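Just below is one structure, and these are the notes that go with it.
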RNA sequence: GGAGAGGUGGUCGAGCGGCUUAAGGCACUGGUCUUGAAAACCAGCGAAGGGGGGACUCUUCCGUGGGUUCAAAUCCCACCCUCUCCGCCA
């Protein structure tokens, strides 16, 4: 959420940012009119409330003294009616203002490349050597099916399309990756581990920015205001909702595993095969709560921490700075990590690392105090996948496949898989 | 799911229609005293939003949302959460 004061002082920056995002900004003037109207009404209401408070004291005094206060009471009855009317108008205007504020995306950082869509994202660097094969590399879904480590049909039967079963060494590989990543980030990178709830309430979804705008993307539980979490970012960001942290405890760094649930509305026909786009997938997520002046350094470190996973798995990747037209709603700046998939002959997103600045903190009311005397300020929040597990499995299957259909296990994972060195056909 | 008890500032805790501008304690900050510290004493100490150049000032906030009243932390209704006991359960 953006600071309403910024609209009064710095409307131009907001309009420019929205334009670069391709966000329509037609009701800016009516928004400003509402804001002005709100302040007018507020002043009227407050003046009347002050009158009511003062006169009510007089009523109390008169009654105490045994005097008649009927005239005052009669007068205040009218004043109270006026207050009620004004308060209703105010409530209406404030809810309109809030509705607009909640649907406006974050302001972009000045270093974000200007562009229209994903084609305009800027590559920052590449890592790793793209493997060469002396045979035609297979798609991960064919490899997995041949090895009998994933079952898509059973997923479709038991749940529906875009659900699946992992089995045997497939399930083991998925679990090994979760443990490997959690250990790396906890032990090597100093993140604190969290295992959050995977069902969250509406306030949490609004706090981290999924709602009200993207309700059709979420899985909602019938008859309840509960949602299946689309990412561990939602519960972990909201861990500190409406709280004031002390500066000495910042930065706070968390790593959380969760299953993630996405309705994938509007992506019918895209990536219908394999592990790339599912209704349910596993993810290890990195979260940071930091001081505003640190957040861009912390973004670099965050993406480096995510990159480290790919380096240790020896998977080639590139890192992109998302352009203004492709960047997410809550983010001020985002790096995407894309891993190499040999069969597709292209890089595919496997992690997204974002600095949300104070956008989520403002929605969720997460603040900190520099010292005992100072006023609370909003923290900056960052999040990044570290990494998406299913897509990592896909990358391992495709990059580590052998001519005979077997798949080697990356060395760093072997200790997590009872020292299995390859997955072969039974 | 049933029955009870509760939710008040950073924390503990009083208040149960108008002398509350939310008492008091603790914590915290500054000061006095002290070689230094502790203790003691003095003072300060919540958030959000308005107005003003500023010193200031006003409004709102006692789990959340409604209602009653001239006036609500206090009364009424609904909901949420916590605790205790019972039932059920991995």
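Note: Cβ is positioned from N, Cα and C throughout, glycine not excepted.
Any TrEMBL annotation is an automated prediction that lacks curation.
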In TrEMBL, the L-serine site includes A:231, A:232, A:233, A:262, A:383, A:385. Which of A:285, A:357, A:411 does it also list there?
-> A:285
Using a 10 Å cut-off, grab the number of neighbouring Cβ atoms around the Cβ of residue A:233 (L-serine binding site), all chains included.
-> 29
Quick one: of the binding-site residues A:231, A:232, A:383, A:385, which has its CA closest to the CA of residue A:263 (ATP binding site)?
-> A:231
Compute the centroid of the Cβ atoms of A:231, A:232, A:233, A:262, A:285, A:383, A:385, then list the same-chain residues not in that set whose Cβ lies within 8 Å of it, in sequence order, for the L-serine site.
-> A:230, A:234, A:258, A:260, A:283
The answer, for which of the binding-site residues A:263, A:352 has its Cβ ringed by the most other Cβ atoms inside 10 Å, is A:352
Cα proximity to residue A:232 (L-serine binding site), best match among binding-site residues A:349, A:350, A:351 = A:351
Of these binding-site residues, A:285, A:349, which scores lowest on Cβ atoms within 10 Å?
-> A:349
Give me the non-local Cβ neighbours of residue A:231 (L-serine binding site): same chain, 6+ apart in sequence, Cβ-Cβ under 8 Å, ordered along the sequence.
-> A:258, A:260, A:283, A:285, A:383
